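Enquirer: Just lifted these from TrEMBL, have a look:
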type	residues	note
TRANSMEM	7-25	transmembrane segment
TRANSMEM	53-75	transmembrane segment
TRANSMEM	82-102	transmembrane segment
TRANSMEM	114-139	transmembrane segment
TRANSMEM	160-183	transmembrane segment
TRANSMEM	203-221	transmembrane segment
TRANSMEM	245-274	transmembrane segment
TRANSMEM	311-333	transmembrane segment
TRANSMEM	345-369	transmembrane segment
Amino acid sequence: MATVMRYVLPLFSLFALYAIFFFAYTNGLRMLALDSIASRTLPDTESLPLRTVYTGIEPVDRILVVLTTFFWTAFVGSNPSLLLHCICFAGAFGSAWVLVTLESWRRGNAWTVAAFPFIFGIIAQLATFAVAAPLYCGFQLAVSSTSSRPNVHSIAIPRAVLHALPFIFVIGYAVPSGLMLLRTPDVVSFDQKQIIIALWQPWPVYISVMATLAHFLLSPFTRNGNSSSSRCSPALQMAPPLRRVYAFAFANAAIGHVAAWTVSIASAVVPVLFNKRFVDALHPARVFGVSFPSSSSARRVVSVGEGVHAFLQWDFLIGSTGVLLWAATLYVLAHRQILGKVSWIGLGVKIALLVLVAGPVATAVELVWERDELVIEWDTKAVTGDKKSN
């Protein structure tokens, strides 16, 4: 299965280039965005100025102008369908990157391409989550011993990183993302919001830098001492902070999924609860439905916001599906190696129910979590058995 998936997942990235960027060309998003940049006005506005200088380094500023033009419509609040979809996507993206960050710190991935997530994070910000996430997952399956031969040694993660990771993601991802939701011009000016959007872009780099600092600064305080708790197996020492990280990631993805779908379904079932202006925009078909990116069937968008919504719908669908398939592969490989079997029906039912209730990325978090618990449990039993035999 791993052999197949290591080739299938990069194909997801290739399909994303077609489904997302070709669609952006055929539906008119690219032209509308370029017109906005050329006129130096914020998209879907008539006269609000577009900031064109951020760093003074022209190539960097050009990239930031494009990204700001794109994300402005997602967080300004003028498109309810897009905003609700972004709430769901933001939780999923962050939790998927928790999995990537965990994987990068595992001992079995040391000095492989899987150990450098900031590279794929930059790709995600410049070329979409749907391109970067399946690509990372495919490489991880190809080079990592944690997927092919999972054991407590290969999946081990520094406890300093585990203790710090939830706080790192709150500071490096959740807070900057929340700042982009601040109302304009009531709370922040139009220019300040553009600066906030630009500062948000390299958040995967922030995560990698803070995790590295946490490792070097906090590791002396998490080394084994002489207490009775420190004499337990490394697997048991790692388990509590690891579980907290997985619980954080699961909740982050699930809350966004549940909130977005609850609002969307409620608008269709009990529309009287909503302002009439927003009922159609919040319908599940409008928020989560996708259009197939063929030049003959693609509908021309009338605004940058509408085009960005179509762009992000495919970005979320492809990226989250890739992460889920990767997690399922890790789950299956571990069960085959340790237990010698996989309950395919049980796995299928579990995935279907979790995707429905918590979303695809929360499901991926749960599967990787269960994989790690299986490995830790197996190691604990082995250690206990050795002690009894001695």
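A Cβ is built for glycine as well, from the same backbone N, Cα and C atoms used for every other residue.
TrEMBL does not curate its annotations; it predicts them automatically.
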Enquirer: Do the transmembrane segment (245-274) and the transmembrane segment (82-102) come together with 3 or more C-beta pairs under 8 Å, pairs six or more apart in sequence?
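Expert: These two stretches do touch.
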Enquirer: Per the 3+ Cβ pairs under 8 Å rule, pairs at least 6 apart in sequence, do the transmembrane segment (82-102) and the transmembrane segment (7-25) touch?
Expert: no
